[in-house]
Structures are given as structure tokens and as C-alpha cells.
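Pulled from Swiss-Prot, these are the features on record:
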ZN_FING   146-192  zinc finger
ZN_FING   235-280  zinc finger
ZN_FING   285-326  zinc finger
BINDING   C290, H293, C313, H318  Zn(2+) binding site
COILED    382-407  coiled coil
DOMAIN    434-492  domain 'COS'
DOMAIN    603-701  domain 'Fibronectin type-III'
Amino acid sequence: METAMCVCCPCCTWQRCCPQLCSCLCCKFIFTSERNCTCFPCPYKDERNCQFCHCTCSESPNCHWCCCSWANDPNCKCCCTASSNLNCYYYESRCCRNTIITFHKGRLRSIHTSSKTALRTGSSDTQVDEVKSIPANSHLVNHLNCPMCSRLRLHSFMLPCNHSLCEKCLRQLQKHAEVTENFFILICPVCDRSHCMPYSNKMQLPENYLHGRLTKRYMQEHGYLKWRFDRSSGPILCQVCRNKRIAYKRCITCRLNLCNDCLKAFHSDVAMQDHVFVDTSAEEQDEKICIHHPSSRIIEYCRNDNKLLCTFCKFSFHNGHDTISLIDACSERAASLFSAIAKFKAVRYEIDNDLMEFNILKNSFKADKEAKRKEIRNGFLKLRSILQEKEKIIMEQIENLEVSRQKEIEKYVYVTTMKVNEMDGLIAYSKEALKETGQVAFLQSAKILVDQIEDGIQTTYRPDPQLRLHSINYVPLDFVELSSAIHELFPTGPKKVRSSGDSLPSPYPVHSETMIARKVTFSTHSLGNQHIYQRSSSMLSFSNTDKKAKVGLEACGRAQSATPAKPTDGLYTYWSAGADSQSVQNSSSFHNWYSFNDGSVKTPGPIVIYQTLVYPRAAKVYWTCPAEDVDSFEMEFYEVITSPPNNVQMELCGQIRDIMQQNLELHNLTPNTEYVFKVRAINDNGPGQWSDICKVVTPDGHGKNRAKWGLLKNIQSALQKHF
């Protein structure tokens with residue numbers, strides 16, 4: 001068999017073998033020596049007649065494999081997929097099944113197609129299954145789908161109301177929008193809010209990069225092939241040479257993409273040794289371009305407005321606002337998102353117990369009701385002559401009470417189950433977001449995710465304690481005593497449990513001080529009352545003239561997770577079983593909250609060191625706060641000393657106590673040295689558990705600073721230990 005020729009791809013130009021009048025690229029299969037192995041890029045948009053698929057197993061992975069009737073097998077072609085997919089996928093030909101080809105003087109004149117066959121997937125040449133559908137039981141995919149078309153899209157755009165829609169749905173909304181002289185009015189299909197957008201064919205909305213990354217990751221893990229048609233992930237070309245070769249590195253200092261030859265030619269000089277180089281990434285470069293100023297890059301984050309800023313945005317629209325760098329903003333928002341997830345995890349266990357308890361209680365109603373009915377019937381047979389009317393009343397009361405109680409429990413179980421399922425999807429979405437290393441993509445949605453989780457916590461209600469009481473307890477009948485004094489001791493019967501109506505009670509506001517502080521500032525301050533034990537004067541720097549031990553710390557104080565002042569304060573309200581006529585504001589029986597504390601004071605639980613910033617002679621360490629009460633933190637740090645032969649020892653450098661923040665900055669460290677940190681929390685009951693050790697290596701002074709992000713991994717280990 002001859003070697004296959006790759007048509008219209010980087011390895012071969014199609015002009016060498018195809019007529020220039022060829023209007024359909026699928027025709028070029030006839031000009032290849034092996035039609036089953038020909039690949040070329042897809043020239044059509046999504047959902048057109050011609051179907052292509054990206055082949056990762058080909059010689060040129062940037063090419064696309066065409067499933068076409070010009071191949072040796074006109075019915076279907078096997079498409080190679082990624083290693084994460086277990087099955088091969090087949091596509092029925094759609095572009096050339098019913099093709100009419102016209103030649104004129106030996107040259108191709110025209111091609112007409114009339115195929116409308118749908119895309120199918122299967123596992124063999126003869127077996128063809130239905131189109132792959134989105135799993136209905138996935139909570140995460142509900143947050144990845146476009147809310148308007150309910151489809152997975154790689155690119156979605158954020159409306160000012162923070163809801164994301166795909167580009168097709170936005171174009172559809174724009175087509176039917178009300179148009180004025182300078183703008184058109186878009187109505188969000190989720191919240192029905194109106195937004196005035198500039199009248200332009202260009203998309204004026206910011207792209208939701210985090211949503212796109214998570215959707216692409218979900219497609220890769222679950223075997224969806226649509227992510228392979230993403231045209232935004234093409235090769236990055238060199239910005240210096242005229243040959244437009246593929247870029248090898250990106251110079252952060254020059255802000256240029258360079259191929260290998262240009263990199264050696266222009267950056268081999270001694271004056272450019274300080275330039276910083278990174279791998280080329282189309283996603284990173286697109287994300288950091290300001291949507292309002294395309295020539296400027298995003299460099300800072302505004303705390304006041306929760307916006308990403310370039311240099312022009314900062315001085316034009318956010319002058320005087322509290323702005324921080326992107327890496328510091330990622331630290332803040334990651335801590336806030338972790339706090340919101342931890343809040344929900346802290347009460348999820350109790351919610352599950354409540355749901356299980358009511359399911360068991362609901363199933364036991366029938367058996368308990370039959371037993372009670374028999375007891376009542378036998379008792380009233382002895383007293384029928386004088387208690388016939390009373391018997392009727394008691395039976396009606398029990399039946400009505402049982403029906404009313406079941407309705408209340410069914411209503412609580414249904415509403416709470418739906419809310420928990422919704423929150424599970426949101427939590428899964430947030431965990432996937434914490435895996436993201438892109439700063440802009442993460443910061444676009446971090447604050448939104450925190451607000452959504454906290455709103456979900458406020459609207460999840462705890463059941464009314466009256467629902468836990470069995471209905472038979474309201475009819476305490478003792479027929480021996482009733483026989484002797486029936487007229488005096490006959491009970492009046494239980495009071496009817498009042499319905500709460502269809503409206504949900506208004507919850508109390510969430511106490512955000514129960515977990516990690518929302519805001520972490522990065523200005524350094526010194527503490528004069530801390531106990532610091534150091535190995536030598538070269539380890540820590542002290543600037544005070546009275547020579548008191550001081551270390552640069554973060555300025556933001558942490559709000560302690562103190563016990564609420566009222567027993568009704570917490571994170572969740574009760575599900576009410578009050579009367580229909582009773583207003584929500586006047587009912588005090590259901591304004592009770594789930595609590596993080598179980599009533600008994602404990603020593604602090606383990607904490608997690610979630611980020612470190614390392615400089616040649618300084619280091620910043622950030623850690624989380626346990627759910628228990630905390631008075632202060634204590635840190636120990638060691639220097640790792642290696643002596644021959646292969647003998648590694650850790651020498652204590654310092655012990656810092658009475659730390660009132662959740663971060664610490666150390667100065668005058670030795671460059672190119674490995675240090676080990678560990679932190680624990682302390683309260684009135686004593687010190688808690690030490691955190692897992694965190695190893696850092698200070699740079700030698702010539703390289704760039706290092707930032708260690710292990711947030712998601714540390715969060716998962718901490719949650720497994722705590723819950």
C-alpha cells in the first residue's frame with residue numbers, strides 16, 4: 001500500500017494534486033492514494049451538512065479526519081478519539097451520500113449534495129446507536145448547560161446579571177430584541193432582567209472562560225467529541241518572523257510570541273537575560289485581554305466593584321478604588337469559595353439525617369396507624385353506649401392529623417431534596433473551579449459562586465420540631481381510667497397542626513464570621529507582643545528601635561467563629577408547619593438555624609495551608625480557619641539541612657505564637673534553601689492538631705518568584721478528615 005497523502009493540512013498543500021475549482025473539500029479524497037487515511041481541516045461551521053472530527057492519533061494532530069462517502073466505506077468511518085474515551089465513534093456520511101458531480105473538459109465543474117442524515121455514534125460497522133445525550137442524573141452538567149438551549153457549549157458569554165448564555169442563543173435574543181437608535185435591549189431568559197447593549201454585530205459581552213474550561217474538561221472526561229471542533233484552540237504563531245512559524249515560547253517582558261529561531265536570534269543577548277519566558281497558551285493570552293481596551297492586558301482586580309482591570313480601566317473607571325494584583329485576588333476569592341463550600345458541608349450531614357429520619361417516619365405511618373385504630377376500636381366497643389359520639393370525633397381527628405402530617409412531611413422532603421440536589425451541582429461546579437489555574441477565568445466567577453452558595457444556604461430550611469412528633473402521641477387514651485371516670489377524664493383531643501401554606505419563611509441572614517474571613521489584605525504590619533523563638537539573627541528581620549520581636553503579618557483581622565448570642569442564630573431556618581393564615585414574620589417557631597457547633601466546646605480541628613508566596617529572602621504563608629472557636633494561631637518553621645552522605649535533618653528556626661491573622665510573612669530567609677512550615681489553632685481548651693507540613697524552596701535570586709497553589713487538593717484532604 002502506498003503512503004497516504006495528507007491533503008490540505010500542514011504537511012502537504014492540496015494544489016499539488018487537486019484542481020483549483022474543487023468547491024467541496026470532500027472531493028479531494030479521490031486524489032489521494034489511500035482514502036481512508038486522508039485528513040484536512042474542517043471548512044464548515046457547526047451543524048452544517050459536512051461532519052468532521054478531530055483525530056488525535058494521526059501524524060498531524062492539528063488536522064481533522066473527514067467521514068465521507070468518498071472513502072472506501074461509504075456508510076461509516078471510525079474516528080480515533082482521546083485515550084480517556086473507551087469506545088470508537090462512527091459517523092454516517094452526511095456530505096456526499098447523494099452527490100451529483102459534474103465535470104467539464106476533464107475538470108471538476110460543480111458538486112450538489114442532498115444528504116440530511118443525522119449524526120450517529122456506535123461501536124461497530126453494523127451497530128449504530130442513538131445520538132449521545134447528556135446524563136440526566138448529573139448535578140454538575142446542569143450548571144454547564146446553556147440555560148436557554150440546554151446544550152453544552154464551549155463558549156458562553158456573561159450578561160450583566162451574571163448569567164451565561166452561548167453565542168447562538170445570544171444572537172437569537174439579539175434578533176428578537178427591541179432596537180433603539182444606539183442600543184438594543186436584551187432580556188435574560190433566566191431572571192427576566194433587561195440589559196441595554198451597544199448596537200453592534202461584534203459581541204460586547206465578556207466571555208465566561210471558567211465555564212468554557214469546565215465544559216471542555218467535562219466533554220473530555222465523558223466522551224463528547226464537540227470540543228474537538230473548537231476553532232479558538234489553533235496553533236499560536238510567531239509575532240516576529242515573516243514566515244509565521246509556530247511559536248515556541250512567550251516573552252512576558254516583551255509580550256511577544258517567539259519561535260525557536262527568533263528566540264535565539266533576539267533574546268540571546270546579555271541585556272535580555274532578565275526576561276521571563278513561559279509556554280505559549282492561547283487561552284491565557286485571550287483571557288488577559290481587556291474587553292473594553294483590546295490593546296491592554298488585565299493586570300489588577302478591583303475589590304469595590306469585583307471587576308478585572310487593565311491600566312486604562314483602573315485610571316478611568318476605578319480611580320481611588322481598592323485594587324490588588326491578580327495573584328492576591330485569587331488567594332482571597334479561593335479562600336472565600338472554600339469557606340462557602342465548607343459552610344454547606346458542615347450542615348449537609350445533618351440535612352441528610354433529617355431526610356432519612358422523615359423517610360423512615362413516613363414509611364412507619366401505615367403500620368402504626370393500623371395498630372392504633374385497632375386499639376381505639378376495642379376500647380370504644382366497651383363504651384359504645386355512652387361514647388359513640390366521642391369515638392367518631394377521635395377517629396376523625398386521627399385521620400385528619402395523619403393526612404395533614406404526611407402532607408407537611410412530603411412537602412418538606414420534596415423541597416429540601418430539590419434544594420440539596422441543586423446545591424450538589426453547584427458545589428461540584430465550585431470544586432471544578434478550584435482546580436482551575438487560570439487567574440482571570442477563576443476570578444470572573446469566584447465571587448458569583450460564593451454568593452450562589454450562600455444564597456442556597458439561606459434558603460435551605462430545617463424542619464419544625466413538631467413534625468418529629470408522632471401523631472399517635474397526641475391521643476393518649478387509657479381505657480381503664482376512662483371507664484371509671486369517663487365524663488371527667490375524657491380528652492378533648494389534640495390540636496390540629498396548622499399548615500404553613502405554600503410560601504417559604506424568610507430566613508435570617510447568614511453569619512459569615514463562622515468560617516474564613518471574606519477579605520484578606522496584603523499590606524504588611526508588625527506585631528510587638530508575639531513570642532518568637534529564632535535560631536539566628538539571619539532568619540528574621542526586626543525594624544523596631546526597641547528591638548522587640550516583630551514579623552510582617554497581614555493586616556486583616558479574622559472574625560472568630562464564636563457561639564451565636566441567641567439560640568436561634570445559625571445558618572439555616574426551620575421548615576415551618578404553621579397555619580395558612582399565619583404570616584411568616586409573626587412565626588417564631590421556624591426561625592431556628594442549623595449550627596456548626598454541637599453545644600460542647602472542643603479543641604480546634606486541623607487547618608490547611610492553602611497557598612505560599614516565596615521570594616529569595618521572604619515567604620508568605622496562608623492557611624484556613626477551623627469551624628471551632630479559635631483564639632490565636634501558632635507556627636513553627638524549620639530549615640532542611642542536607643549533609644553527606646544523604647543525611648537530611650530539620651533544624652527548628654522559629655516558633656511564633658499569638659498570631660491573630662490567617663497569614664504570616666517572614667523576612668531575611670536564606671536564598672536557595674528549603675524550609676518547612678506547620679500551623680495549628682489554639683483556644684481555651686488547648687492547642688489543636690498541627691497542619692500537614694508545607695515545604696517551600698526559596699529562589700536563588702536570579703529566577704522569578706514562586707507561588708504554590710495546592711488549594712483543591714488540600715481542601716479535599718481537609719474535608720475528608722473533618723467530615
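Cβ atoms are placed via backbone N, Cα and C, with glycine included.
Taking H, G and I as helix, E and B as strand and the rest as coil, DSSP gives the zinc finger (285-326) the counts 11 helix, 11 strand, 20 coil. Within 8 Å of the centroid of the Cβ atoms of C290, H293, C313, H318, where the record puts Zn(2+), the same chain has further Cβ atoms from H292, S296, I298, L308, L309, C310, T311, F312, K314, S316, F317.
The Cβ neighbour count for C290 (Zn(2+) binding site), using a 10 Å radius and every protein chain shown, is 18. Shown for the zinc finger (235-280): DSSP residue counts in helix, strand and coil, namely 10 helix, 11 strand, 25 coil. Residues 204-207, 209, 232, 236, 250, 255, 332, 438-441, 443-444, 447, 519, 522 of the same chain sit 6 or more residues outside the zinc finger (285-326) yet have a Cβ under 8 Å from a Cβ within it. Looking only at other Cβ atoms within 10 Å, the busiest spot among the binding-site residues H293, H318 turns out to be H318. There are 22 other CB atoms within 10 A of the CB of C313 (Zn(2+) binding site), with all protein chains counted. For the zinc finger (146-192), DSSP puts the residue distribution at 9 helix, 14 strand, 24 coil.
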